[in-house]
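The next block holds one structure in the form of structure tokens; read it before the comments.
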Amino acid sequence: MNPNQKIITIGSASLGLVIFNILLHVASITLGIISVTKDNKVHICNTTEVYNETVRVETVVIPVNNTIYLNHEPEFLNNTEPLCDVSGFAIVSKDNGIRIGSRGHIFVIREPFVSCGPSECRTFFLTQGALLNDKHSNNTVKDRSPYRALMSVPLGSSPNAYQAKFESVGWSATACHDGKKWMAIGVSGADDDAYAVIHYGGVPTDVIRSWRKQILRTQESSCVCIKGECYWVMTDGPANNQASYKIFKSQKGMVVDEKEISFQGGHIEECSCYPNMGKVECVCRDNWNGMNRPILIFDEKLEYEVGYLCAGIPTDTPRVQDSSFTGSCTNAVGRSGTNNYGVKGFGFRQGNSVWAGRTISVSSRSGFEVLLIEDGWIRPSKTISKKVEVLNNKNWSGYSGAFTIPTAMTSKNCIVPCFWLEMIRGKPEERTSIWTSSSSTVFCGVSSEVPGWSWDDGAILPFDIDKM
């Protein structure tokens, strides 16, 4: 039998089986119908039929994501750690605001300062409600006006109109972070009835009224927060005579305590404060008598010590030559009167010694250097162990002030001391300009010695607006 015949035979057999199967099904159905129609009686079924069924059980695994996201409640900054011992100060940032402002949308500002929270540092500044190289920048040499406001940008950014965040209306200010939220304080109003508005987390929370009716003012640098309580210093009274000075304490933007400082014959303004081992230490400005700087130290109960930086090296401006100066821990040293007006500055205690900044010029706000004066915190020492120039005497400087980086940001066991330096441009020194503004540099303490240089402002004046 050939293959084709085999296929035909198999196919025929298969077809026959299919037909036979169909006939069996038809016969089965026919017999079922006949049996139903022949017997209409109801029969009770007493039989039990057992069905043995095998059930297949399958395990189905469904992956479930059990990750639970919790909102972590921020903690208050501790800030009770000691201040780090440092061997020098390294450049950290430079905003170049005036240079950029010749063509960019940069605010006219003064009194810039820096403050840090647990995750970021910000540059704060007092605007004049005007942009550089614009007609509204005219006569912005004036300190107090209704157009001034405290604003902030990330550290290192210029005070530009696109990143700036509004903090408070004011022509005098301070700001700090308690670990949970920013607190900003702006002083505004008439000279004889100014008041401060406290903002906490961007919300106005309290007000401080002028108590002497003579230009209420505050630090122009960072306040200090320790374990959820924030501290700052305010002045009310004459700039060239005995005034009134108070320490304030707040919790979540609400004033909870205040204390007036007894300091007869002394003058305190524009304090630069920092935390150190649970206390607040401030190096301030005497605008009345002293070319040495006032020192104020207080604890959480506002118990305070007040005096002057002992060092036999003067750090205010204007001042006499170092060789002609004798320091004092208790009294102002210098000539009284408005000619000894001073400038905001800073210092950091390092054991018995002190790091202090000052202008290089003894008579004007130009140049800047940082000195380590051995035993300068406790006695009238003239020993300068380190001196670093950060701005040469050919360039205008201005205010300077303190801030610190908390351990929450650095993971160190000590608080890093830092300072900022303002470089004022325009009036009053550069009379071809119709405006006054500033840029700033920032330096932080490091464990190694670093060389100096001159990180000057660098803007070329006059601007176009000055030529109109």
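Glycine is treated like the rest: Cβ placed from N, Cα and C.
Swiss-Prot lists a disulfide bond between Cys84 and one candidate from Cys414, Cys418, Cys444; that candidate is Cys414.
For Cys282, the disulfide partner named by Swiss-Prot among Cys273, Cys310 is Cys273. Record check: Swiss-Prot places Asp286, Gly290 at the Ca(2+) site, and the matching candidate among Asp257, Asp316 is Asp316. Per Swiss-Prot, the residue from Cys225, Cys271 that shares a disulphide bond with Cys230 is Cys225. In this structure, the glycosylation sites under consideration are Asn138, Asn395, and the one with the smallest number of other Cβ atoms within 10 Å of its Cβ is Asn138. DSSP assigns Asn138 (N-linked glycosylation site) to coil, not to a helix or a strand.
If you measure from the Cα atom of Asn395 (N-linked glycosylation site) to that of Asn138 (N-linked glycosylation site), you get 23 Å.
Between the CA atoms of Asn78 (N-linked glycosylation site) and Asn138 (N-linked glycosylation site) there is a gap of 44 Å, rounded to the nearest whole number.
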